[in-house]
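Annotated features, as they stand in Swiss-Prot:
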- 69-89: transmembrane segment (TRANSMEM)
- 105-125: transmembrane segment (TRANSMEM)
- 129-149: transmembrane segment (TRANSMEM)
- 151-171: transmembrane segment (TRANSMEM)
- 193-213: transmembrane segment (TRANSMEM)
- 226-246: transmembrane segment (TRANSMEM)
- 271-290: transmembrane segment (TRANSMEM)
- 310-330: transmembrane segment (TRANSMEM)
- 352-372: transmembrane segment (TRANSMEM)
- 383-403: transmembrane segment (TRANSMEM)
- 410-430: transmembrane segment (TRANSMEM)
- 441-461: transmembrane segment (TRANSMEM)
- 490-530: region 'Disordered' (REGION)
- Thr521: phosphothreonine (MOD_RES)
Amino acid sequence: MGDSTGEPGSSMHGVTGREQSFAFSVQSPIVHTDKTAKFDLPVDTEHKATVFKLFSFAKPHMRTFHLSWISFSTCFVSTFAAAPLVPIIRENLNLTKQDIGNAGVASVSGSIFSRLVMGAVCDLLGPRYGCAFLVMLSAPTVFSMSFVSDAAGFITVRFMIGFCLATFVSCQYWMSTMFNSQIIGLVNGTAAGWGNMGGGITQLLMPIVYEIIRRCGSTAFTAWRIAFFVPGWLHIIMGILVLNLGQDLPDGNRATLEKAGEVAKDKFGKILWYAVTNYRTWIFVLLYGYSMGVELSTDNVIAEYFFDRFHLKLHTAGLIAACFGMANFFARPAGGYASDFAAKYFGMRGRLWTLWIIQTAGGLFCVWLGRANTLVTAVVAMVLFSMGAQAACGATFAIVPFVSRRALGIISGLTGAGGNFGSGLTQLLFFSTSHFTTEQGLTWMGVMIVACTLPVTLVHFPQWGSMFLPPSTDPVKGTEAHYYGSEWNEQEKQKNMHQGSLRFAENAKSEGGRRVRSAATPPENTPNNV
């Protein structure tokens, strides 16, 4: 095969995925832009990778993937580190059921605000700074758990640690800027799923660390405190790695590209406006509130549920509870892959149907879990429920990147915050008072999942249609270029600030499924007045 030369991104020719990668420095966080740079993976016109090699560390795409999911997983470990140790902590601090429930609400409420902020940080400063600084700044709060002495301190510290869950937004934003739209479901699902797996890892890790420390001579009430130094140090290590090895965009870091004039410097007010005025944003906020939201709520109660209901030992209850979080290893990527597969044949309409089916099934399995009377039945129902909820998360963020190109960060932040808000609301309604037993709470949570999934039928893209309605027949408004180009005014278009949106629109034409035209309009010929 002949050598390929030329500027990558000028066309799909000349990008074979076999050229030597030399443009990006591993040692320095400052990555210099080089228009002649070649990538280790084949890329599209936006320099996004068109293939996903899971066991590769190719820079910048796969290196970013691994840094992103590991840092997010670290935050999950610390946020839910207290959950498997609650049977010990509640005796030490004299916690009531309401205290434990309030702490669960607090642990996921903090990131409602921080995820909104992280969305803006990603849009304006880049995901590398957002992820690295949040992970490192939250480390002191993790260490602080070792020094709490009462219920108020326990609730407050769990609230503060929960801020770090905003790394989910940087994770999903980062993947959406590094990988092509045809594989974004799988990539987003894998990154977030493996990150969420931290909720399962901590169910195994913290009881083991606690037991090791206790056997080394510490008392039970001292051992659980020392155990929190493990996730605290993980925060510091991952923050340093992300800051030094991460990269905002395929071509370099955002600040460097803005100075070179290759990336438009946007304004917060405008990206916020386009995010909040797009009705699809709020539907996905609700949907994610009852997929990711219920997963977070379950992480807080599932170990205690098995410990109390079936009178299991602490480590046994933790092992079973870990299965819920560990299902993220394959369930969330499977949801994203299912969405990509459906889109290959049915476009965006296939993605929407996939989301509705998976999330509704998860809700029904949740109802079954709440009504299970034997340990075996409860475990089976829990595993199926976890697979449905987590696959629905993957299917959701296989669609979110298409809602807006310009306001991707803000919309990702709002959707992610919806997950935390849904978790806090669910925890408050069903698991923080004596009105419901844990079994009843799980049952009603399942009913809420089924009901809150119905609004997905209202999501309609003029260029692709909805679950029940076809796309627009308008030759202008029914195009991808018009949908994404309409986020820029005429003055901004004259400055060519919308070119990134047009390139994205060209690559997103595959979401039309079998309706895609055989002869697509080249991106350079797309009118500037869309």
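Just so it is clear, glycine is given a Cβ too, placed from its N, Cα and C backbone atoms.
What you are looking at is a predicted structure, and each value in this text was computed from that prediction instead of being measured.
The transmembrane segment (352-372) and the transmembrane segment (69-89) are not in contact, since fewer than 3 Cβ pairs between them lie under 8 Å (pairs 6 or more apart in sequence). Sequence-distant contacts of the transmembrane segment (129-149), counting only residues of its own chain at least 6 positions beyond either end whose CB sits under 8 Å from a CB of the stretch, comprise 67-68, 71, 74-75, 78, 81-82, 93, 114, 118, 121-122, 156-158, 160-161, 163-164, 166-167, 169-171, 174, 225-226, 228-229, 231-233, 235-236, 238-240, 242-243, 246. Below 8 A, the CB atoms of the transmembrane segment (441-461) and the transmembrane segment (383-403) form 3+ pairs separated by six or more positions in the chain. At the 8 Å Cβ cutoff, the transmembrane segment (410-430) and the transmembrane segment (271-290) share at least 3 close pairs (sequence separation 6 or more) and count as touching. Residues 172, 176, 181, 184-185, 188-189, 192-193, 196, 278, 280-281, 284, 287-288, 291-292, 294-295, 298, 323-325, 327-328, 331-340, 343, 348, 351-352, 354-355, 358-359, 361-366, 368-369, 411-412, 415, 419, 446, 449, 453, 459, 461, 508, 511 of the same chain sit 6 or more residues outside the transmembrane segment (383-403) yet have a Cβ under 8 Å from a Cβ within it. If you count C-beta pairs under 8 angstroms between the transmembrane segment (193-213) and each of 69-89, 226-246, 271-290, the highest count goes to 69-89.
Outside the transmembrane segment (271-290), and at least 6 residues removed from its termini, the chain residues within Cβ reach (under 8 Å) are 119-120, 123-124, 355, 359, 363, 392-393, 396, 399-400, 403-404, 406-407, 409-411, 414-419, 421-423, 425-426, 448-449, 452-453, 455-456, 458-459, 461, 487. For the transmembrane segment (69-89), same-chain residues at least 6 beyond its ends with a Cβ under 8 Å from one of its own Cβ atoms are 95, 100, 103-104, 107-108, 131-132, 135, 138, 142, 145, 154, 158, 161-162, 164-165, 167-168, 171, 190-192, 194-199, 201-203, 205-207, 210, 220-221, 224, 227-228, 231-232, 234-235, 238-239, 241-242, 299-300, 303-304, 307, 314, 317-318, 321, 325.
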